Amino acid sequence: MTITTASSTPTVLGPVADIPLGEGRTYAVDGDMIAVFRLRDGSLRAVSAVCPHKGGPLADGQIDNSIVVCPLHLFAWDLATGCSQSGQAPIDVYPVREDDGQILLGE
Amino acid sequence: MTQRLVVIGNGMAGARTVEEILARNGDFTVTMFGDEPYGNYNRIMLSNLLAGVETEEGIFLNDLAWYSENGITLNAGVKVERIDAKKKLVHDSNGVATPYDKLIIATGSYSWTPPMKNVHNPKRGYHQGVFAFRTLDDTRGMIRYARDHERAVVIGGGLLGLEAARGLQNHVSQVTLLHAMGHLMERQLDPKAGQMLQASVEGKLGIKVITNAMTTEILGKDRVTGVKLADGTVIECDVVVIAAGIRPNTEMVANSGLPVERGIVVDDQMRVQGEQDIYSVGECAQHRGNLYGLVAPLWDQAKVLADHITGRNPDAAYHGSKLSTKLKVAGIDVASMGLIAPETDDDEVVVYNEPKKGVYKQLIIRDDVLVGAVLVGDNSKAASLIQAFDRGTALPEERAGLIFDIGGPAGEVSPAEMADDAQVCNCNGVSKGAICGAVSSGCKTVSGVMDKTRAGKGCGTCKPLVQRIVEWANGGAVEEDPAASWYVPGVPMPKPELMAAIRQYELKSVSAVFDKLVPGGQHDAKSKMGLASLLKMMWADQYEDERDARFINDRVHGNIQKDGTFSVVPQMKGGVTTPAELKRIAEVAEKYRVPMVKLTGGQRIDLLGVPKEQLPAMWADLDMPSGYAYAKSFRTVKTCVGSDFCRFGVGDSTALGIAIEERYQGLEGPGKMKLAVTGCPRNCAEAYVKDLGVVAIDGGKWEIYVGGAAGAHIRKGDLLTTVDSAEEVIKLTGRFLQYYRENANWLERTYAFVPRIGIDRIREIVVEDSDGIAEALDAAVEEAVQAYKDPWKERAEPVTPGQFRTSLPLTVLPQVPVRA
């Protein structure tokens with residue numbers, strides 16, 4: 001697991017309302033693709049957007065309050081730690097939070 | 001409040017029961033008593049220990065550390081001498097009285113010695129050189145003694161005797177097996193099979209077998225010199241092993257005033273008759289008049305007792321076990337289940353006998369159900385026969401297929417014979433070694449191993465093999481995953497209970513189900529799709545659609561491809577199109593530079609490689625309804641040209657196919673539903689291998705087949721019925737599909753569902769309406785049909801923000817070749 005800070009100051013990705021509850025959307029940040037999920041409890045999670053197994057788009061995967069399941073081969077990762085639950089390489093996780101209705105990526 | 005649980009007996013049954021109780025977080029302080037001064041070991045493996053293929057460490061199930069880790073007080077080598085049920089105390093050989101709140105008696109069996117002169121030495125117990133074959137100490141003693149001697153006699157030609165004889169060959173040069181009955185293993189095998197086994201044991205192994213051999217005397221004064229039979233024959237030997245059977249250890253229990261007949265009498269909760277707080281499991285327990293000496297029933301009992309005693313399910317009940325065994329007896333494959341001889345004139349007996357190869361197979365069938373089977377020399381069909389026997393499923397008419405693989409794929413491989421790097425799961429590339437690795441690192445359930453390795457998670461055809469390997473790697477056992485019966489992994493209920501709860505609480509959305517029915521309200525990503533499908537089926541247009549509960553395919557109405565693009569498949573009912581439609585499809589394909597245009601197996605045109613964000617515009621340009629090439633739903637109705645043009649066609653299959661597709665389009669189910677209508681029995685539309693296939697036959701009639709498949713599994717459908725009109729076909733199609741939707745497990749295709757329920761039963765319900773639910777099924781499917789909306793209409797107004805926004809990386813991974 002690695003936790004990377006996208007930049008020294010948080011990046012505004014756009015309104016939280018752009019992400020429906022329980023779904024994810026992909027954002028391009030400094031040349032990286034980052035999948036941001038809005039859990040059903042309202043909190044946000046951000047992970048690298050590409051599945052390390054076969055390049056699947058993780059933002060299209062299904063989530064609950066702890067994991068994301070890649071839509072291609074159904075491997076699962078922990079959204080908080082990036083650890084795989086199915087023996088794959090971990091994914092990157094990023095700090096993300098909501099501020100005044102906006103998604104802020106970074107510390 | 002923490003209760004005191006005392007367990008008398010530290011063998012396989014006692015320890016197993018405690019394991020089950022721990023697994024259910026039972027609130028007990030546990031004290032165990034065991035005669036033997038060890039942790040608990042796998043008694044079945046003593047044969048392997050004797051044969052030198054297993055070490056002592058290898059046969060331990062739980063060593064002493066396990067007891068301390070789990071806070072269990074183990075009194076090893078301490079005998080319980082009396083139970084005081086009134087005062088709730090057990091008195092042991094050290095003079096200590098241990099109080100209990102709950103008591104479990106699992107004293108097992110002892111090795112029975114038939115009456116023989118001179119078998120006991122008054123000072124030592126058994127005569128020197130005479131051994132029973134029951135405990136680790138017996139086995140150690142036998143090995144130590146046999147090493148220095150040459151000739152052994154084994155008394156008893158049952159399973160244990162055969163194993164002992166085989167094992168002793170490892171230590172002595174000459175082994176004779178004496179059996180008092182007319183043929184070997186007479187409890188499990190019919191005479192013919194017993195003789196076949198005897199021929200193999202003598203011919204292949206070089207063990208001399210004498211049947212009808214009643215041993216009357218052990219010869220020798222200080223040590224054994226031979227045995228004498230009833231007919232006066234003397235067989236010289238230095239070692240005698242007695243394996244003539246077992247008897248339940250019940251003396252102490254009977255002396256304590258508890259009810260003992262052949263065994264300790266228990267009820268369906270394994271509670272000792274007339275006692276509130278005393279239970280008994282394993283070989284010493286007598287349930288509904290039966291004693292069980294095999295492992296599988298013992299495990300069932302342990303589970304029931306654990307469910308009951310921990311309050312997990314106070315009403316858990318043991319109903320007895322159907323006995324089946326599948327094993328290598330002295331290196332020879334033997335399987336046996338149920339009857340070994342016909343009981344009535346109507347019992348059908350199927351026998352195959354090939355003496356030269358040592359192969360013998362006998363089936364006993366009653367009313368199309370397997371009630372007994374004996375196999376010697378070839379166990380390749382044992383697993384499927386045991387399954388048919390256990391479940392009582394109707395057998396196929398082709399009986400030969402039950403005992404041979406005819407023209408099909410090669411028979412079952414045994415896990416032991418497979419190389420470590422042999423690929424088991426051909427979808428996800430998982431080897432036998434990887435599966436065994438998962439087991440040895442602690443995964444004891446099939447589903448756990450499948451989750452960890454992804455074996456069996458592709459097309460699913462290898463699942464039975466994965467199960468066999470897990471069982472084998474677990475030493476013949478596999479823990480049952482309680483979740484195996486649940487409809488989805490995250491909600492602890494089987495389908496009927498789940499549906500009842502959903503109705504009771506009127507749960508109309510997936511999150512409502514999690515909130516109400518999962519302890520702690522934990523949501524589960526892997527359960528969402530199955531629940532969404534179920535709720536939609538149950539509530540039709542009242543269902544509260546939460547988009548995140550859908551798989552991506554169902555969110556954007558296309559099939560996700562390996563590079564994250566999607567495929568667009570316009571509807572083409574019955575495979576019929578027009579030049580205008582073809583032109584439009586071609587124009588759209590050109591305009592959007594679709595990388596590949598492909599005809600699908602379902603008679604449609606697939607536009608592959610479409611980025612998500614282009615889907616709405618393409619659908620608008622096509623202006624055709626969705627062809628449903630993505631969901632767990634009704635897919636296509638394949639047809640042949642039928643009577644319109646074909647010289648042979650006897651029915652208008654094209655018109656009927658279109659009518660069926662029009663009516664049931666988009667219908668969701670536990671698995672996809674692929675149909676076909678074919679205009680004559682030449683079967684050009686492959687209707688015999690569809691979830692539902694319709695075949696026109698002469699005389700204006702239509703045959704309806706269900707449960708066929710030609711994908712990962714191949715199965716010819718079963719004839720449901722023959723009807724006189726297209727209207728009846730359409731009606732029965734809907735009724736069957738609705739019955740399947742309501743009763744199949746999640747992702748259970750009809751090829752598994754139909755044989756599970758049985759075609760006769762399905763015919764009773766769907767055609768004959770014996771359960772009186774036909775009207776309700778018709779009404780339910782009508783409601784679903786009325787709720788149909790073309791999902792491609794979402795192009796104009798996306799349901800969620802960014803519904804069609806790309807999720808692809810900046811640079812599309814070059815995974816899909818573009819063909820010129």
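Glycine residues also receive a Cβ, built from the backbone N, Cα and C atoms like all the rest.
Because the structure is a prediction, the values reported are computed rather than measured.
Feature list (source: TrEMBL):
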type   : residues  : note
DOMAIN : B:4-288   : domain 'FAD/NAD(P)-binding'
DOMAIN : B:324-391 : domain 'NADH-rubredoxin oxidoreductase C-terminal'
DOMAIN : B:424-471 : domain 'BFD-like [2Fe-2S]-binding'
DOMAIN : B:560-623 : domain 'Nitrite/Sulfite reductase ferredoxin-like'
DOMAIN : B:632-769 : domain 'Nitrite/sulphite reductase 4Fe-4S'
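For the domain 'FAD/NAD(P)-binding' (B:4-288), the model's average pLDDT works out to 91. Here the domain 'Nitrite/Sulfite reductase ferredoxin-like' (B:560-623) lies next to the domain 'Nitrite/sulphite reductase 4Fe-4S' (B:632-769) in space: the count of CB pairs under 8 Å, restricted to residues six or more apart, reaches at least 3.
Mapped onto DSSP classes, the domain 'BFD-like [2Fe-2S]-binding' (B:424-471) shows 26 helix, 4 strand, 18 coil. Residue counts for the domain 'Nitrite/sulphite reductase 4Fe-4S' (B:632-769) under DSSP, split into helix (H, G, I), strand (E, B) and coil, are 49 helix, 36 strand, 53 coil.
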